[in-house]
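Swiss-Prot lists Thr11, Ala12, Gly13, Arg164, Ser194, Gln289 with the feature UDP-N-acetyl-alpha-D-glucosamine binding site.
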Amino acid sequence: MKKIIMTGGGTAGHVTPNLALVPELKKLGYEIKYIGSIEGIERKIIEREGIEYFPISSGKLRRYFDLKNFSDPFKVLKGVFQAKKIIKREKPDIVFSKGGFVTVPVVIAAHLNKIPVIAHESDITPGLANKLATPYCTRVCVTFPESVKHIKGDKAVLTGTPIRRELLEGNKLEGIKLCGFKDNKPILLIIGGSLGSKVINEIVRKNLDNILSKFNIIHICGKSNLDENLENRKGYVQFEYVNEELPDLMKASDLVISRAGANVIYELLALKKPNLLIPLSKKSSRGDQILNAASFEKSGYSLVLKEEELEDKTLMKKLNYLYENRNVYINNMSKSKMDNGVKNITELIKKYTK
């Protein structure tokens, strides 16, 4: 049996694309193992799927000054030795890396063991982890056509992003039932990313009366961000994080407010959900979400509201405009030729399996 080790972590965006590949890889006869960080969000997600998980040490990679920048390289080095030992023992035929700081030691260790590595970059420009890992990769899959020029060497392959099959098979009635909505108001789904978004949470709750006058709200607010004072608010349902329920909640929603991570916006495109994107500002990111959002806005798939312009009036104005013009966005998304990347990526994995 062929064996693959997958890696990726830090946020759900570095894990869920791996899960999208799992059913197809199993169908192709691959035994699947996973290397991730000790305490990252990926551990719970992967172990829930029944996949054997190997934790390693991993230091965070930063583009800014921090005292931990002096100690974290040693954690990365430790992670390389741990990953090298795991890879030598498990003898995988190939490694698939989805990015995030934990992947750097795994990719280096695979290279040292002469194991081919396929990486995937979701955003238009590569994150720091993938930048560091690219020299050790066999091929780098990219989601956006604009990304090819940002990958050094002749390694980039335009594959699209892998989307979980089950996400496309949600049940609208089950989603509505889960939320307990009784009227026929349109449903607004708010997603702040797997770690939540304080900025989005605060402005939504501040404008709750205005929004609830037109919409029922499903609010995925992130771990430890529930507001107990709103538990019994009619038309408002909040979740820290959802997994199995997400397809039903997506299917039930009419509009979506979201950050602009590449994975989630391609899921919204696949589901043809009119969306308002609020990308992370450059103050708190490298600007990748701004580029992602601009690309989708240019294609007519999304309406964008910059975080710096996020105010009560601008939020309501954009939300009302999106709802009034929702069919325009649905039609634009229906014309998209972007493939689900699962088939393209698994074909590449097959090609380079030792």
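Note that Cβ sites are derived from N, Cα and C of the backbone, with glycine treated the same way.
Given the structure is predicted, the values throughout are model-derived calculations rather than measurements.
Ranked by how many other Cβ atoms sit within 10 Å of their Cβ, the binding-site residues Thr11, Gly13 place Thr11 at the bottom. Ala12 (UDP-N-acetyl-alpha-D-glucosamine binding site): 20 other CB atoms within 10 A of its CB, across all protein chains.
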